[in-house]
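Report on the structure given below.
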Amino acid sequence: METRESTESSPGKHLVTSEELISEGKWVKFEKTTYMDPTGKTRTWETVKLTTRKGKSADAVSVIPVLQRTLHHECVILVKQFRPPMGSYCLEFPAGFIEDGESPEAAALRELEEETGYKGEVAECSPAVCMDPGLSNCTTHVVTVTINGDDAGNVRPKPKPGDGEFMEVISLPKNDLLTRLDALGAEQHLTVDAKVYAYGLALKHANSKPFEVPFLKF
């Protein structure tokens, strides 16, 4: 087994002191992380890490594709695919690993075209953000991409899935995304990815009136 030790100390703060490799596969590895809490007590944590990280800004990209067409409501493009760890179909943003020497923006456009067939333009790219920090150290860039639906190449897009990838492209209206996610999840017994659902919630709250503050009596 592989163990990495740290000799640094930081009183009053959390500090990882060692990471012991338990098992490793092609894509992920399982480690026992030993750390010190602010009181000086040593604790352990079971951690999953990707084996593909090589000094990149993040492991992957998650793409928020917004389809814009003349005389149509804006739509969000999602992909439905079977996820073995969940044992069910999931509704997600297009996503994938960043390849060596590739920028997050280039990776986002590549993954979007491969998984949905659409070609777009990057509107914004987030810094690296964590995916599931209680379980793994996986990080991603969230990249918003606009798609010109009037462009001839985007009228009948053809996905280019890789080996073993079986996806269904789903377009949902942006102005009613949360309601449509709930309905689709119930009808097709789908599990909606947390990032997609959080985006739907954010859109709903952004377009609704502010939460009312309870009247204070003196």
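Glycine residues also receive a Cβ, built from the backbone N, Cα and C atoms like all the rest.
Summarising the annotation, Swiss-Prot assigns N-acetylmethionine to Met1.
If you look up Swiss-Prot, you'll see Ser10 marked as phosphoserine.
Under the three-state DSSP scheme, Glu46 (substrate binding site) falls in the strand class. Sequence annotations record features per position, and here Swiss-Prot assigns substrate binding site to Trp27, Trp45, Glu46, Arg83, Phe97, Asp132.
Residues or ranges marked as SUMO2 cross-link by Swiss-Prot on the basis of similarity to another entry: Lys41. Within 10 Å of the C-beta of Lys41 (SUMO2 cross-link) we count 8 further C-beta atoms, all protein chains included. In this structure, Lys41 (SUMO2 cross-link) belongs to neither helix nor strand by DSSP; it is coil.
In sequence order, Lys32, Thr33, Thr34, Tyr35 make up the list of same-chain residues 6 or more apart from Thr44 (phosphothreonine) whose Cβ falls under 8 Å from its Cβ. The phosphothreonine annotation in Swiss-Prot covers Thr44.
Residue counts for the domain 'Nudix hydrolase' (56-196) under DSSP, split into helix (H, G, I), strand (E, B) and coil, are 34 helix, 53 strand, 54 coil. Swiss-Prot lists 56-196 with the feature domain 'Nudix hydrolase'.
Summarising the annotation, Swiss-Prot assigns Mg(2+) 1 binding site to Ala95, Glu115 and lists similarity to another entry as the type of evidence. Neighbours of Glu115 (Mg(2+) 1 binding site), defined as other CB atoms within 10 A of its CB across all chains, total 26.
What Swiss-Prot lists as motif 'Nudix box' is 96-117. Long-range contacts of the motif 'Nudix box' (96-117) within the same chain: residues 52, 54, 56-61, 63, 65, 77, 79, 125, 141, 143, 145, 157-162, 165, 167, 169, each at least 6 residues beyond the stretch ends and with a Cβ under 8 Å from a Cβ of the stretch.
Taking Cβ-Cβ distances under 8 Å and a sequence separation of 6 or more, the neighbours of Glu111 (Mg(2+) 3 binding site) in its chain are Val61, Val63, Pro94, Ala95, Gly96. Summarising the annotation, Swiss-Prot assigns Mg(2+) 3 binding site to Glu111, Glu115, Glu165.
Residues or ranges marked as Mg(2+) 2 binding site by Swiss-Prot: Glu111.
Sequence annotations record features per position, and here Swiss-Prot assigns N6-acetyllysine to Lys209 (among others) based on similarity to another entry. For the recorded site, Lys209 (N6-acetyllysine), the DSSP three-state label reads coil. Neighbour count (other Cβ atoms within 10 Å of the Cβ, all protein chains): 6 for Lys209 (N6-acetyllysine).
Per Swiss-Prot, N6-acetyllysine is recorded for Lys217 (among others), and the stated evidence type is similarity to another entry.
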Please state how far apart, in Å and to a whole number, the two most distant Cα atoms are among Trp27, Trp45, Glu46, Arg83, Phe97, Asp132, the recorded substrate-binding residues.
26
Round to a whole number and give the Cα-to-Cα distance in Å for the pair Glu46 (substrate binding site) and Glu165 (Mg(2+) 3 binding site).
29
CA-CA, which of the recorded positions Lys41, Glu115, Glu165 lies nearest Trp27 (substrate binding site)?
Glu165
Enumerate same-chain residues with a sequence separation of six or more from Asp132 (substrate binding site) and a Cβ-Cβ distance below 8 A; give 'none' if the list is empty.
Cys138
To the nearest whole angstrom, what is the C-alpha distance linking Phe97 (substrate binding site) and Glu165 (Mg(2+) 3 binding site)?
14
Of all the recorded positions given, namely Glu115, Glu165, Lys209, which is spatially nearest to Trp45 (substrate binding site) at the Cα level?
Glu165
